[in-house]
Amino acid sequence: SGGTACVVTGQPFDTAKVKMQTFPNMYKGIVDCFVKTYKQVGFRGFYKGTTPALVANIAENSVLFMCYGFCQQIVRRIVGVDRKTKLSDLQNAAAGSFASAFATLVLCPTELVKCRLQAMHEMQLSGKIIQGHNTVWSVVKGVIQKDGPLGFYRGLSSTLLREVPGYFFFFGGYELSRTFFASGRSKDELGPIPLLLSGGFGGSCLWIAVYPVDCVKSRIQVLSMAGKQTGFMGTFVTVVRTEGVLALYSGLKPTMIRAFLANGALFLAYEYSRKLMMKQIESY
C-alpha cells in the first residue's frame, strides 16, 4: 500500500529527476524538463517506467518494512532491552539503515529497468543508441541478451551506498518528526497530517544526504545501455572533472518536491494499513 501510494504521487517528479540527472545539459530546470517532455512525448511521458517503478517500490517497501521490524529486534538485543521496549529515534534510524541493505537486492534490478525507460527518449536524441526499447519486456530482454542476469545489478554498489546511509536519515527524520508532533503522547495516536509531514520530512532528509550518489547510480544504469560504463568511482570522477560538482545535484528540485509528497503518502498508507491489519489480527 505504501509503495503504491509513493509511486502514484511522485512518478512525474521521479521521471524529471532521472532525465535531468542523466542529461543535465538538455534541460534548464524542472519547468523546462516538464514542458519539453510534454511536447515531445505527451502526458504519458511522465509515467514512463511506472510498471517497474510500482514493482520496485512494492518489492522494496515490503522487504524494507518487514526487515525494519526484524532489525528493530536485533537492535534491542544489541542494547540489551526487552523485545517490547520502545526504541529511541537514533536506534530506529540504525534499524532502518540495516533493513535497507536487504531491500537493495530487490530494488536494484527493477530500478535499472525504470531508469532506462524514463531516459530512453534522451538516449536516442543524444545519439547514444539508435533505437530505443519502449516496453518493460523489451528492456528486460535487452539486458539479458547483452549482459545476462547479472546485468540487472549494474549500479548495485551505488544503490547500496545510497540506501544504507540514506535510510538512516529517512527513518531517523521520520521518527524524530513523529516525536516532535506527539509531544509526550503515544506516536500511534498521531493523525494523518502529522504523519504526512513526518513522512515528507524523512524523505527530504534521505535525498539531501545521498543525492550525489543517486545521480551517479542513474548515470551508470542508463548510460550502460550504450556500452561498458565505468564503476561508481570512475563515473563520479568523470562527472566532477568534465561537468563540475553541481552536475551531481542536477534534478534536485523535482526530487525534493517528490520526496516530500511521495514519502508523506508512503508513510500515511503504511501506518494506516498496518493499523487496519493489526486490528484484524487482534479481533481473532
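Start at 1 and count along the chain as shown; that gives each residue its number.
Glycine is no exception: its Cβ is also placed from the backbone N, Cα and C atoms.
The annotation repeat 'Solcar' is assigned in TrEMBL to 1-74, 87-180, 190-276.
Residue counts for the repeat 'Solcar' (87-180) under DSSP, helix first, then strand, then coil, are 78 helix, 0 strand, 16 coil. Mean model confidence for the repeat 'Solcar' (190-276) is a pLDDT of 89. With DSSP states grouped into helix (H, G, I), strand (E, B) and coil, the repeat 'Solcar' (190-276) comes out at 77 helix, 0 strand, 10 coil.
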